[in-house]
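Feature annotations, reproduced from TrEMBL:
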DOMAIN    16-290  domain 'ABC transmembrane type-1'
TRANSMEM  51-74  transmembrane segment
TRANSMEM  120-141  transmembrane segment
TRANSMEM  147-166  transmembrane segment
TRANSMEM  236-258  transmembrane segment
TRANSMEM  278-296  transmembrane segment
DOMAIN    323-553  domain 'ABC transporter'
Amino acid sequence: MTLVWTLLKGNTFKFLTAILLSALSAGAGVAVIAMISRVSSADVITGQDVALLFVLIFLLFGLSFFSQAMLTSLGHHVVYRLRLHLSQRVLKTSVERIDQLGQPAILAALTKDVTSISQAFNSLPFVVYGAAVLLCCYGYLLQLSLPFFLCTLVMTILAVVIARQLMSASRQLKREVRENDDQLYDRYSGLLLGRNELKLSRQRRSSFFSNSLKPIVSKALGLEVKADRYTVLNGSWVNTSILLLIASIILIHSLFGVGTKEQLTTFALTILYLRSPLAGMIGSLPSLILGSVAYAKVQQLALHEGTDAVGELPEPETCWQSLQMKNVTYQYPSESGEPGFGVGPIDFELQQGELVFWVGGNGSGKSTCARLVTGLYTPHTGKIVFAGQEIDEGNRDWFLSHFSVVFADFYLFKQLINESGERPDSALVEHYLNALSLEQKVTVSDGELSTTKLSQGQRKRLALLLAYLENRSIILLDEWAADQDPAFRKVFYTELLPELKARGKTVIAITHDDHYFYMADKIYRIDQGHIMVDDETAHDYPSHLQNHTADEKEDVTC
Ligand SMILES: Nc1ncnc2c1ncn2[C@@H]1O[C@H](COP(=O)(O)OP(=O)(O)OP(=O)(O)O)[C@@H](O)[C@H]1O
């Protein structure tokens, strides 16, 4: 029920109207039965009775069509909103949380859970209609015969108690199926992302299939078969209990002479009429159970509650002087009992217009520090001060808006935008495509790149193009040059970086290219999560090469 109310927020009036129409349609159904029963037991059938019967039948048709169409359309609108709402929440959720959850879990929520919730909603008309018919029939039965009604009530309670037990067993299993689905999505990711490795090695393929994928799929099979067994048992039980009810009524009529023959016939007719909406209701139970399990799973992700994914931000600071990390620490959560990697305490200061290099061994914490300095990760202790302001949740999005970043695992969007989020000037795009030696490979039309299916090195150049066009104050490049050929690597260090600096940009470049360390204003070494100025490396270079570009700074913004 929580699922229904949460998703119906803002549409309660429409939903209640649809329920009212369902109730009226159920009432019309019962009136048709009562009419048939009256006409068939009457001595003389008048033309008026027949006309009324036809009117009631058409009324039943109209009401059931409108009520179900309304509920179905409401269901589709709810799913539409749910899709947008969830995507907005993902957009608002911190990178840290998304990294913690992992892509497969979020993809499973956006695809499988949304589908399950939509199916639950689409089955809602059957449930509402079934419940309305049930109530109307019970009302009719009550006024038909009290003893028969009491017998019905006892049987109903018994049926419901047993059905509840079966449903909760099925629900528990569906929950386990859903937990298993996260692992299944993880294996599917491996299947696609590891396509090269899997294709190349028969042993890897066989091991992945038999030891990694198949056990998860088999587990899902076992759980689903078991869960559906309970669901099918439940459906059969409810169907049987209806027939048992009719048999019980016949029994008490024959043993104790309760009720008349006509009452017995009408009773049986009403109960049999009830069977099909009830079957629809029971048939919808699995989707409802799946829907609520999926909803609980989405809630468990603890995505950001805010949905204002594209809210307004104050203008970025053009003259910010310095960015400081003061005593910053960060610790990854522990995994399989092992404590997570920790960085810090970090004290780091970046002056506007500087070109600094971060160097360090694999796994020393460079990318983690990059996520901290850009505000993508929130420090666990310590603080970041930018343009004199301490960064907190209130100004984090504003702080983030000062950075363009190309991480090692960057995503290349085809759509080009400038600093205002609009289509960039085509002459400028052309200029950068030339500078990046991509003019022969990629064209831009309607603000979109003609292709992103390029080599890794070329894709990285396009990622840099996107960063150029954003025209932000600070550019952070995580081992950008690692995929470039030696000639373009030289262009990058000796031309592109100095040009950025000359335009007043502040650049942090994470690099292992010691050939070009002399290009940096400052070099910082990151080791075991600690950052320090690397005087030794800096002194390895002739003084005329150090701070090579300091004098080249021209038209800076501040
Ligand atoms: N998403 C994550 N969850 C948990 N731990 C992580 C995660 N990412 C990194 N780590 C841990 O942090 C350590 C440092 O990772 P990081 O990516 O910051 O290193 P790096 O210096 O950028 O390495 P490289 O030069 O290889 O890119 C890793 O050795 C790992 O233990």
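Even glycines carry a Cβ here, placed using N, Cα and C.
Remember, TrEMBL labels are computer predictions, not curated facts.
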Cβ contacts the transmembrane segment (278-296)/the transmembrane segment (120-141), at least three under 8 Å, sequence gap 6 or more: yes
Segment confidence, the domain 'ABC transporter' (323-553), expressed as mean pLDDT: 86
Chain residues in Cβ proximity to the transmembrane segment (51-74) (below 8 Å; excluding those fewer than six residues from its ends, i.e. six or more beyond): 8, 11, 14-15, 17-19, 21-22, 24-25, 28-29, 31-32, 35-36, 39, 121-122, 124-125, 128-129
Intrachain neighbours beyond the transmembrane segment (120-141), with Cβ under 8 angstroms and 6 or more residues off its ends: 3-4, 7, 18-19, 22-23, 25-27, 29-30, 33-34, 64, 67-68, 71-72, 74-76, 78-79, 148-149, 152, 267, 270-271, 273-274, 277-278, 280-281, 283-284, 287-288, 290-292, 294
